[in-house]
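Asker: Swiss-Prot lists Cys101-Cys111, Cys125-Cys145 with the feature disulfide bond. Marked as domain 'Cystatin kininogen-type' by Swiss-Prot on the basis of sequence analysis: 36-148. The feature signal peptide is assigned by Swiss-Prot to 1-33, with sequence analysis given as support.
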Amino acid sequence: MASLLSPSMPVLAAVALTLTLAVIPEASTNAEAKQVVLGGVEPADPKDKEVQKVVKFAVRTYNDMDNDLYLSKPIRLMSASQQVVAGKNYYLKIELGRTTCTKTESNLVDCPFNEQPDQQKRVICNFQINVAPWLNKMSMTNFNCYNF
């Protein structure tokens, strides 16, 4: 009975491969096709609303964890990338500056940067933020900052 099934195995393998190539265009050998790396890190658009939400979350969390009496706010978003996982990981590099607002003040938008030479503080931080939209949850999974 095994000999009856043996000739059909190569046929089944060929059919499976053909269906896979037909259903997944990225698996084709077309040189112009975009290379897709599942789970790979890709650039994120800094102007995207989701990226802006993640930046605000990262800065708010940084301010909550930082021992400084004053709030910091973004000077510039240096880079942003994303990775599809169980949800999405965002990797952000943000330059932050100390403001004149203390942590008891809540409106960071209106806080000017502290320009007094002895009070200026600038840091560059790398943040990793995980977003699980089905749980309505963001969490900072890693970060490090350095003065410059």
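Using the three backbone atoms N, Cα and C, a Cβ is placed for every residue, glycine included.
Give me the structural setting of these features: burial, nearby parts and distances.
Answerer: With a cut-off of 8 Å between CB atoms and residues at least 6 apart in sequence, the same chain places Leu71, Lys73, Thr99, Thr100, Cys101, Glu105 near Cys111 (disulfide bond), listed in sequence order. Classification of Cys111 (disulfide bond) by DSSP places it in coil, neither helical nor stranded.
A simple way to gauge crowding: the CB of Cys145 (disulfide bond) has 15 other CB atoms within 10 angstroms, across all the protein chains here. Following the DSSP three-state reduction, the secondary structure of Cys145 (disulfide bond) is strand.
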Asker: Determine the Cβ neighbour count for Cys101 (disulfide bond): the number of other Cβ atoms within 10 Å of its Cβ.
Answerer: 19
Asker: Restricting to the same chain and to sequence separations of six or more, state which residues have a Cβ under 8 Å from that of Cys125 (disulfide bond).
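Answerer: When sequence neighbours closer than 6 are ignored, Cys125 (disulfide bond) has Ala58, Tyr62, Leu92, Lys93, Ile94, Leu96, Phe143, Asn144, Cys145 within Cβ distance under 8 Å.
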